[in-house]
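> Here's the feature list from TrEMBL:
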| type | residues | note |
| --- | --- | --- |
| TRANSMEM | 29-50 | transmembrane segment |
| TRANSMEM | 70-91 | transmembrane segment |
| TRANSMEM | 103-124 | transmembrane segment |
| TRANSMEM | 155-177 | transmembrane segment |
| TRANSMEM | 189-213 | transmembrane segment |
| TRANSMEM | 241-264 | transmembrane segment |
């Protein structure tokens, strides 16, 4: 019988705990980094376009609305690419369907959004000071990070825009990952599919609400803004707009889209078809 010194046994035990802990957190960390990258590219593009409109920041404008669309689309594609092989690349609480992973994923996604916004804010804070004035923080720059509707857009229209867009988003993701679909893209092309989809959302539905489509993409940065000098205004806007439009509308829209796809289009075994194909 081989007897190992106590120190070696302790070392093996500690190593086992470390590996087990790292294995348990790797999926939430993938969601964290994926969402962080989404916000870095998206908010970074928004900051570049918005702030460069001030001649004190840049001599010429550095883009337009399409540039912001591309920033968010690239962020989504890269975020899913990095996290997809580990956690499935949800990076969106509205897309998480596994009950056992939902709490950890949602927390990781919100924190990823918060950290992504903090990094972009730190990079662009000198430009924000020039754009708004030192220590002045208003919706003019808060909208770089969190979503706000245009002034004329009524509450119902804002809600419906986010609802219908996220419904289509969920149906597209399910169609693109449906193994029984004859035209489903290879798994490695899912980020490209989402990139194209997000460009479409931005150019067709994004003008009025800035297309949240993702509670973490909005709430994480909004949480950071409330700690960075923007105060309670980020929550009080339009009687808590932040709850019912960028959070509730995407969640309800995604679940509706999943129901429609499962009920009308999916031919495999699922929640609404537990016995498999007819």
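Any Cβ shown, glycine's included, is placed from N, Cα and C.
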> Sequence gap of 6 or more, Cβ distance under 8 Å, 3 or more pairs: do the transmembrane segment (241-264) and the transmembrane segment (155-177) meet that?
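Yes, since the transmembrane segment (241-264) and the transmembrane segment (155-177) share at least 3 Cβ pairs closer than 8 Å, they count as touching.
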> Is it the case that the transmembrane segment (29-50) and the transmembrane segment (103-124) touch, counting contact as three or more CB pairs under 8 Å in which the residues of each pair are 6 or more positions apart?
yes
> List, by number or range, the same-chain residues at least 6 past the transmembrane segment (189-213) whose CB is under 8 A from its CB atoms?
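Tertiary neighbours of the transmembrane segment (189-213) are 65-66, 68-70, 72-74, 76-78, 80-81, 84, 89, 92, 94, 143, 147-150, 153, 157-158, 161-162, 164-166, 168-169, 172-173, 176-177, 245-246, 249-250.
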> When you scan the chain for residues with a C-beta under 8 Å from the transmembrane segment (70-91), skipping those not six or more beyond its ends, what do you find?
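Beyond its ends, the transmembrane segment (70-91) has Cβ neighbours at 26-28, 30-31, 33-46, 48, 101, 105, 109, 112, 187, 190-192, 194-196, 198-199, 202, 211, 214, 216.
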